[in-house]
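Some features that TrEMBL has for this protein:
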DOMAIN    119-219  domain 'Fe2OG dioxygenase'
BINDING   137, 139, 193  Fe cation binding site
Ligand code: MD6
Ligand code: FE
């Protein structure tokens, strides 16, 4: 996969600007870079209270991506299905509060992408290691599809797959880098998407880890 390796090539200057993925879906390159340290402090605060864990899918598989949540509602999966819950099933306690830095970035990015007034109540935090992947899925456990989803990528790069409204539709490959923010909603809200298995391309600050968090209005 020479093209992947080229895209991920070592010391390219940091990219800025917008990449349209659809009429209402956009990558804001490097948008989170000015606040990365605050975001990482937020991730540490969340995971101190609600550690990353590998959840089971309804199909009986263990996810290769480890996850946790913050905000009033958290996304979980187990043998009984996917759902949002106010309680962390591992601790029996509410999920940690959403860090202010997450809320501010999400509202700013959403407005920048044409979704003013974004008021999220949920944030799913994913941790990828080399080989971790996320199979094609739709985000459809939220109650109301009017609000967009804001997705922040930190650490190692990943090849994101952005497909259509049907699972079989051809998926575009979009590399996501440290500091990139993806916003999508509206007509693109239910597009299939996923992440290819991560290559081990250690990030200077985070090492062999990719953190992605997606900020949503779930309830
Ligand atoms: C990831 N992201 O980038 C996985 N879902 O690691 C998602 O599944 C996702 O980035 C909805 C909206 C944006 C996303
Ligand atoms: Fe998703």
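Backbone N, Cα and C atoms are what each Cβ position is placed from, and that goes for glycine too.
Looking at 137, 193, the binding-site residues in this record, the fewest other C-beta atoms within 10 angstroms of the C-beta turn up around 137. Surrounding the centroid of the Cβ atoms of 137, 139, 193, where the record places Fe cation, the chain contributes additional residues within 8 Å, namely 136, 138, 191, 192, 194. Residue density at residue 139 (Fe cation binding site): 20 other Cβ atoms are found within 10 A of its Cβ, drawing on all protein chains shown. Helix, strand and coil content of the domain 'Fe2OG dioxygenase' (119-219), in residues and according to DSSP, is 3 helix, 44 strand, 54 coil.
The average pLDDT computed over the domain 'Fe2OG dioxygenase' (119-219) stands at 97.
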